[in-house]
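Remarks on the structure that follows.
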Amino acid sequence: MSDPLLFVLLGPTGSGKTSLSIALAERFGGEIVNCDSVAVYRELDIGTAKPTHEERESVPHHLFDVLPPTEPMTAGEYARRAREVLKDIASRGKLPIVVGGTGLYLRALLDGLFAGPERSEELREHLRRREQERGPTYLHRILSRMDRVAAAKIHPNDAAKLIRAIEVCLAARKPMTELWQQGRDPLTGFRILRIGLDPDRPALYDRINRRAAEMFEQGLVEETQALLAKYGRIGGPLDSLGYRQAFELLDGKLTREQAVAAAQQGHRNYAKRQMTWFRREPEVRWLKGFGDDAAIVGEAMQIIKTS
């Protein structure tokens, strides 16, 4: 008896993954598993472009809204939870459909991650203080000297990931990328089918620009204001794209027009980094279009039927 099928849908932000995943889930009796590092958090709705309540009612969705924004979700913890969900879905005879754009989460889920050293709160606090003293790019410059490959994969403003990478390099006394291949625990028990969305770049950027502007129109600043009142400046998911620019607007550092433009630019840059990461994924069947194009939906369905 062959292993059950696991369908993985990759693609940059704005490429129509949600639309395609729901169409496939409805057609093949599937259940959708989130693989986005910000969508796991409750109360962050407008800035994450999560599936709507109506979309979530049409087919089962998993690993959305599972944590408050004060609790960190590491890639390893995500992989542990997601593997449990995948096994449960498959045990009920349903098709698990992993959807998302966070490359590190996907790698942790499918390939496993090395067991890194324990966290050092003393070192972390020291690095946070140094960043405050020397500016927002300080941590990225430090990591670039220790591990250029890791630094290239982490956004210069993502302090949490930069601190963890520096911590690992110092504890192991070698670049973190050398450790990534050690002690991994790849996912077994599934036939993995990967499909990636690769829409026309100018058309994708146009969609990204429109969606980022719509987030502000739909109340992103007000949502950010409510999160600030409830949790304070906690960083983490509240430092993600959109929310970061909303904070700068609230602080008076940007006008509304500037905040929208900065969010648009940030999302475009993020889409470019996502595609760079996903191009390194093995055995991906790339579809040249958006996930809500009828031709792309039909092509994806045909691939699943013959797998």
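Yeah, the Cβs are placed from backbone N, Cα and C, and that goes for glycine too.
Per Swiss-Prot, ATP binding site is recorded for G11, P12, T13, G14, S15, G16, K17, T18, and the stated evidence type is sequence analysis. Neighbour list (S15 (ATP binding site), Cβ cut-off 8 Å, at least 6 residues apart, same chain): L197, D198, P199, L204, A271, F290, G291.
According to Swiss-Prot, the feature substrate binding site maps to T13, G14, S15, G16, K17, T18.
The region 'Interaction with substrate tRNA' annotation in Swiss-Prot covers 36-39. Here the region 'Interaction with substrate tRNA' (36-39) has, by DSSP, the following mix of helix, strand and coil residues: 0 helix, 0 strand, 4 coil.
DSSP assigns T102 (site 'Interaction with substrate tRNA') to coil in the three-state reduction, outside any helix or strand. Residues annotated as site 'Interaction with substrate tRNA' in Swiss-Prot, with sequence analysis given as evidence: T102 (among others).
As annotated by Swiss-Prot, site 'Interaction with substrate tRNA' applies to R124 (among others). In the three-state DSSP assignment, the secondary structure recorded for R124 (site 'Interaction with substrate tRNA') is helix.
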- line: With the cut-off at Cβ under 8 Å and a gap of six or more residues from its ends, the chain residues touching the region 'Interaction with substrate tRNA' (36-39) are 47-48, 50, 63-65, 73, 75, 78, 100-102, 104-105, 237, 240
Message: Other residues near the substrate site, CB within 8 A of the CB centroid of T13, G14, S15, G16, K17, T18?
response: G11, P12, S19, G101, L197, F290, G291
- request: Around the Cβ of T18 (ATP binding site), how many other Cβ atoms lie within 10 Å? Please give the count over every shown protein chain.
  value: 20
Message: I want to check the contact list for G14 (ATP binding site): same chain, sequence separation of six or more, C-beta distance under 8 angstroms. What comes out?
response: L204, R207, I208, R211, H267, A271
- line: Taking only the CA atoms, the spacing between T102 (site 'Interaction with substrate tRNA') and T13 (ATP binding site), expressed in whole angstrom, is 10
- prompt: Under 8 Å Cβ-Cβ from T13 (ATP binding site), six or more apart in the same chain: what's there?
  reply: A49, G101, I208, H267, Y270, A271, Q274
